[in-house]
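Annotation comment: TrEMBL describes B:13-224 as domain 'Cytochrome b/b6 N-terminal region profile'. TrEMBL lists B:42-69, B:90-111, B:126-148, B:160-180, B:200-219, B:240-263, B:305-324, B:340-360, B:380-406 with the feature transmembrane segment. Taken from TrEMBL, the feature heme b b562 binding site covers B:HIS96, B:HIS197. If you look up TrEMBL, you'll see B:HIS110, B:HIS211 marked as heme b b566 binding site. For B:227-414, the entry in TrEMBL reads domain 'Cytochrome b/b6 C-terminal region profile'. The region 'Disordered' annotation in TrEMBL covers B:420-439.
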Amino acid sequence: MNPSADTLALASTEFDLTKVADGQQVTLKWRGKPLFVRNRTPAEIQKAVADDGAAMKDPQKDADRVKPGKAQWLVLIGSCTHLGCVPTFGGGDYGGWFCPCHGSHYDTSGRIRKGPAPLNLAVPEYEFLSDTKVKIG
Amino acid sequence: MSGHSTYQPKTGIERWLDARLPIVRLGYDSFVDYPTPRNLNYWWTFGGILSLCLASQLITGIILVMHYTPSADHAFASVEHIMRDVNYGWLIRYMHANGASMFFIAVYVHMLRGLYYGSYKAPREVLWILGCVIYLLMMATAFMGYVLPWGQMSFHGAVVITNLFGALPIVGPSITTWLWGGFAVDNATLNRFFSLHYLLPFMIAGVVILHIWALHVVGQNNPTGVEPKSKADTLPFTPYATVKDGFAMSVFLILFATFVFYLPNALGHADNYVEANPLVTPAHIVPEWYFLPFYAILRAVPDKLMGVLAMFGAIACLFALPWLDTSKVRSMRYRPTAKLYFIIFVVACCILGLCGAKLPDDPVLGHFKTFTLGDADLNSFVWLSRFASLYYFAFFLVILPVLGLVEKTLPVPDSIASPALSHPAAAPEQATAAPEMKG
Ligand code: FES
């Protein structure tokens, strides 16, 4: 009952970043799961960097969650690390995401700050093909 | 099965068949001549009601499959097709969907009856455990069935439940992938759930046969918890139990019909009439009502793995129950203290059900805050569910084991037929008049 070959083949996808307006996010479907591509405002980046030292369940620096020089773009797998619901954009106490299922709060770097989820929103494998194009997977 | 068969084949054909396959004899011994304790009350009719529920679910389910399409692209539309275009499709689907709820109502009553009258105690341990297996299969079946309409609640319910298994160390992620058949809940998941949803009810039917077999080996328990000793203690199954079961089924069907015809969606969620969208989770996601107590236990624990273990532990307690309860007295009718704890247990389960339906951080009383204890305000459903979960486990793991050793029980009658005569201490007129009303 493990995944069939054609399911496994749905591995990678390309995405045009110009579709995402400043401060907004686009959700696309990747391997059956939602994928968040967020165009962060400077204020949001600043907030995330400022919190690097705060007490966290799954400590990680903001810089480690984005590609060097591309801090504006945050690419995340949009499924809550608790039980897999889709967190809502911009909600919660930290302005990142809020998961409606059991109340997990994520910050503007997608790090878990409050609630039952054990881990930060996962960063998938991706690379920049050009300034406006990414390949995910 | 117990004692001698009194079946007398009357016609030639019956004699011919009886010598080759004594199936009529089996039926006669099990459902006609079978001795039942004479003091069974209406709580004992739920076994029959449950068989009726299973039969109804099987028949309606098989018809639904004739019109349903198990594919992520067509499942939702095919359910709407059943509701709008198929002849009496709405009736069949509402019977099936509400039938699941009815099934759980009946099974919970049946289980609580067993708990109250000590029906799990020796020699009925295997009978009880088979019942727990049926309950477990029912939960799996109900969950997978709920996924099939492929609405928003179906989809995200499936996401949450399959992710529960992911919390287990080492094997967790592989189990989840295996359930999904891919990277996420998708078409492959729907198809395997469909296949299993069709299979499991037949497994339930098989275990039900074992359950009834075990029942007929050890005999039925009864409200006094005293084994029948003589012919005076029992009555033949037909007509006494058949008529009583038949009456109870009719009353139960009235309740069933009320839901099907007047409140068909009362137990469901409006969000499930929205087609599944993997990119948006409904704001308020809760399981079906019959899972709410376990869902509340899951959320009561702040840690993911511990929450999952607590939830499964709550079910494991049921399996271990025959060995957790140390009391020599079977029926709680003669255990006044245990009866009290039992009532609190039922209340705790209802509270858990309520907590499961609410948002964890919502206040229980009014809109005020008290003080924050740990991660949440004390006046919140999450704390209420913590207290109730604690009681749930304490009931099985502390109260029943300890109480059995220290409790002062009331005198137990010598036999079912003569409870009053042998024990002047037990109030005579109450004991004889009680069987129909008590419990
Ligand atoms: S799934 Fe997000 S908090 Fe539980």
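Placement of Cβ uses the backbone N, Cα and C atoms for every residue, glycine included.
At the 8 Å Cβ threshold, with sequence separation of at least 6, the transmembrane segment (B:42-69) lacks contact with the transmembrane segment (B:340-360), having fewer than 3 such pairs. Here the transmembrane segment (B:90-111) has long-range neighbours at 43, 46-47, 49-50, 53-54, 56-57, 60-61, 63-64, 79, 82-84, 131, 134-135, 138, 142, 145, 252, 255-256, 259-260, 264, 267-268, 288-290, 318, meaning same-chain residues at least 6 beyond its ends whose C-beta is under 8 angstroms from one of its own. Listed by sequence, the residues of this chain that lie at least six past the ends of the transmembrane segment (B:380-406) yet keep a Cβ under 8 A from its Cβ atoms are 293, 296-297, 299-301, 310, 313-314, 317, 320-321, 324-328, 335, 337-338, 341, 344-345, 348-349, 351-352, 354-356, 358-364, 373.
Packing against the transmembrane segment (B:305-324) from elsewhere in the chain are residues 111, 115, 120-122, 124-125, 128-129, 132, 135-136, 164-165, 167-169, 293-295, 297-299, 389, 392-393, 396-397, 400-401: each is 6 or more residues past its ends and has a CB under 8 Å from a CB in it. Among residues of the same chain six or more beyond the transmembrane segment (B:240-263), those with a C-beta under 8 A of the stretch's C-beta atoms are 31, 34, 36, 38, 40, 42, 45-49, 52, 91, 94-95, 98-99, 101-102, 106. Confidence across the domain 'Cytochrome b/b6 N-terminal region profile' (B:13-224), taken as the mean pLDDT and rounded to a whole number, stands at 94.
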